[in-house]
Amino acid sequence: MFHTNSRQRLLLRTYSQEKRKVLDIFGIMASNTERTFIAIKPDGVQRGLVGEIIKRFEQKGFHLVAMKMIHASEELLKEHYIDLKDRPFYLGLVKYMNSGPVVAMVWEGLNVVKTGRVMLGETNPADSKPGTIRGDFCIQVGRNIIHGSDSVKSAQNEISLWFQPEELVDYKSCAQEWIYE
């Protein structure tokens, strides 16, 4: 597994942003799009919900830029959840996320970070509305099947942590003109 330090991630983010600017000049990307990191957790994978989750993001009009199934290392997970390291559930969360395969994805589209979070539902499934991923498929907070970036900045950090720049595929979807004005 490829791991990066903070400086390397900053360089990768800068590289990715510059690449996106060039692609936008050629009309490959809508100028107001953003990217988010979505991970289907081990319980979502084991329950066979990968296809259903992908379907929901595609039907919304977002397009998939990268995807891989991995058994995330403890090191990667500790870095991913570094902001939670002082919380009592931190080590249990890392252990749980390390217990099985995770499907890591990058989605792109207009307001994809905010809209993606709405599609996921609340962190605690008991507070999630029907129609959201967690509202439809989850019961307990410790098994809430999916992670989504909570801001554009965290999305950039998470994407650069889980993916190498060459794993992100830039392309123009033929449906794009039917989704965006």
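Numbering starts at 1 and runs along the chain as displayed.
Each Cβ is built from the backbone N, Cα and C atoms, and glycine gets one as well.
Listed in TrEMBL:
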type	residues	note
ACT_SITE	His147	active site, pros-phosphohistidine intermediate
BINDING	Lys41, Phe89, Arg117, Thr123, Arg134, Asn144	ATP binding site
DOMAIN	33-170	domain 'Nucleoside diphosphate kinase-like'
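If you measure from the Cα atom of Arg134 (ATP binding site) to that of His147 (active site, pros-phosphohistidine intermediate), you get 10 Å.
For the ATP site, whose binding residues are given in the record as Lys41, Phe89, Arg117, Thr123, Arg134, Asn144, the maximum C-alpha distance rounds to 22 Å.
A gap of 7 Å separates the Cα atoms of Lys41 (ATP binding site) and the residue listed as 'active site, pros-phosphohistidine intermediate'.
Across all of the domain 'Nucleoside diphosphate kinase-like' (33-170), the predicted model scores a mean pLDDT of 97. Local packing around the binding-site residues Lys41, Arg117 was summarised as the count of other Cβ atoms within 10 Å of each Cβ; on this measure the leading residue is Lys41. For Arg134 (ATP binding site), other Cβ atoms within 10 Å of its Cβ number 22. Arg134 (ATP binding site) carries a helical DSSP state (H, G or I).
Ranking the binding-site residues Thr123, Asn144 by how many other Cβ atoms lie within 10 angstroms of each Cβ puts Thr123 at the bottom. For Phe89 (ATP binding site), the Cβ neighbour count at a 10 Å cut-off comes to 12, with all displayed protein chains included. The binding-site residues listed here (Phe89, Arg117, Thr123) include Arg117, Thr123 as those with a Cα within 10 A of the Cα of His147 (active site, pros-phosphohistidine intermediate).
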